[in-house]
Amino acid sequence: MSLFSRRFIRLVAFLLLLVYITNINAFKPHDNDEEYIDIGVRLTGDVRDQLIADLIAQERGVLSSGHIEGVGLYHFQIRHKRNARSKRAAVSLVEELKRDERIEYVTVGEQLERKKRDLFSDDRLIDLYNKYKQKKQYNDDDDDESIEIDRSILDVSFDDKYFPEQWYLQNKGQLNTPENHDINVVPAWSAGYSGRGVLISIVDDGLDHAHQELRDRYQARFSYDLNDLNDTEHDPSPNMDVAGNNHGTECAGAAVAKANNEICGAGVAFNSDISGIRILDGPITTLLEARALTLFANDTDIKSASWGPTDDGTKMEAPHDLTNAALDYGVTHGRSGRGLLYIWASGNGGASDDDCGADGYVSHHNVISIGSINHMGKSTYFSEFCPSTMAVAYTGGRHSRTSYEDTIPVGVITSDIQGGCTKNFAGTSSAAPIAAGVYALVLEANPQLGYRDLMHITARTARIPNLDETDDWIINGAGYHVSDKFGFGVLDAGQMVALAQNWTNVLPRYECIFNYTGDNVKLNIDDTIEIPIDVENCINITHMEHVVARVSYDFHRRGDVKLTLTSPSKTPSEVLSYRSNDASHKGIRNFPFLTNHNWDEHPVGRWTLRVETRKPQTSESEQSAMLYRDIGALNHFSLRIFGSHQRENKKEDQHGKRNNAFAYVPTQDEIESMYEREFAVRKSPNVMLKRNYHKLSEEQEIEKRTSMQSSMDQSIWGKIRRVIKDVFNVSKYIALGLEIYHKVMEYLHKIMGYVHQFLPEKSKT
């Protein structure tokens, strides 16, 4: 072989190697005729590395899209045409991956159905809504859409066009509504808090980050597009050609829309940073969902999710094991161990007789569930009621679906796609980002707060929102007022920030698990049974936080069963109500029902699960019930109690709560007294500390110097171990590069040998 031929082969080999390495993740854009299989791969212990995962994917012809934090899996996708032959080939590829000796475990992502929690998430309404939006788009040119309001009545006034109409931020009765029904954010703003230094991530259908309300605070490096993994820029911008893809942009504006820019309105935390995780604009799997919840967990402070299983009153769905692992990872590793805050919209299925207790996402112990109330502090017709709701936020909406007497022309004002602005963002979808904005203010006031500290601060400061709906308030055994409709009450940003400034972090969380050990209990129609669990000792827990009852039962009609958990302090929690639309014969299997109503109570004593069944509500279900009358049974009941050990000598009334020992139902007079007292605190002179930016800079500089000194003080053995590890990693990459190089050379020699056969004898020399 001539010198020129050898040099030519080496040059081609080098170029091919370069292309090979730089295109590890290169795939042709998928079209509408394609679908994909989501795969999670766990590598064996000695080869766990992203570069190894990329090499395996390249060898098998699949897409490698990164590591799913918290679950220990690398994320692969197999794209194939929508036909039987291509699907068989894709399934065969999965089997090949399972046989690869470098792979320890392979799981295929399960398809999920997820719906946005605005009032237009119903597919049948989206087209009508978009026609309405085209005719009535609120933008800077539509002066006739602005309501004339005297700005001088406001304590704080920005120049944003519709800011005076944002009654849920500052309610002075400017829309002819009762005053003070707002989240009390003005005192926090006046003290200098606006969310600066806090990152909120909107997990949704995309983020129009070029919008004037969002672009200055947008963080591209903490954003991602999970709906198009071929996008090398990972840009989460929504597909604006598809109806309904403005949801994520609306959520973002409610939380962080820029103030004083003369357009639209202001977000609750208008100086917070914003990022977007695009996931709802395409098929969703268990792997994609887990990845969305752990992406950038250490750099993100708050993730806001305004979606979940369908709210039609027929579904019961708890998070998949992968999602559970992702949420656990977020609260234990996020924010440098202080815990990522997950805010979830509680759901809009009230009109469908749905119950948020049947939604395992909003009833998760690592999540803060937020509901909606209207401008009069009343629950809305679409609200779902359950004891997992932590609090509510003002968003607007009718109290009754059939009554228009209590409506106002403005809901939540926020950004819309293509630079637009909407004045009627509605549903619990808007409650979650409003709450996210409130928590951003609290974290700015005290960045050292853990995610559980924020839950405790919420429980301490939330207010009773009205005196018309007082039928389900209970004072629990620790003195908290709790409600299925309102949780602990409505969020009060001013009081939360004031309390956070001098807050002492809660002690570590522990958990205890107790099982009912008796026989299965038969369930008859129109019957009531009670199942006890006696807790004699719950080590390290004297003050409870969340309590999860796991239940399995069979019954002829799942929706005809009601479950109520009662604590030793006699606090009842209706963890599952009757649901008229749930006609499933499947029953439930180990479903987690959560209650917050035992907050700060002592766990020791007798717990009781009350199971009530009712007669079928229709003649059709009556006939069906006769076939199942004798096979209903409660098969499993267990308790998982979360909490901490009380500090010694801590005053029970440190934050205004008292220990009653036993729960009770307050009288109307007692509720009125609590309501007036809480409003009086809201109206009292502001006692919170002003934001000290100079002090903040000093603290950051001290923290930086401390961190540097800590690095310098590390032992020589630690440095040696790091050097050894670095050498090992470099050697791995060198070996991998050589392996790729030899494979390319082998391939080129085969090609040259093939070409050599057809060359004239003279050329072969």
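Here, residue 1 is simply the first one shown, and the rest follow in order.
Heads up, the Cβ atoms here are built off N, Cα and C, so glycines get one too.
Database features, via TrEMBL:
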| type | residues | note |
| --- | --- | --- |
| ACT_SITE | D204 | active site, charge relay system |
| ACT_SITE | H247 | active site, charge relay system |
| ACT_SITE | S429 | active site, charge relay system |
| DOMAIN | 506-647 | domain 'P/Homo B' |
| SIGNAL | 1-26 | signal peptide |
Need the DSSP three-state call for D204 (active site, charge relay system) to compare against my parser.
strand
For the domain 'P/Homo B' (506-647), give the DSSP counts of helix residues, strand residues and coil residues.
13 helix, 68 strand, 61 coil
Which listed residue (H247, S429) has most other Cβ within 10 Å, given these are active-site residues:
S429
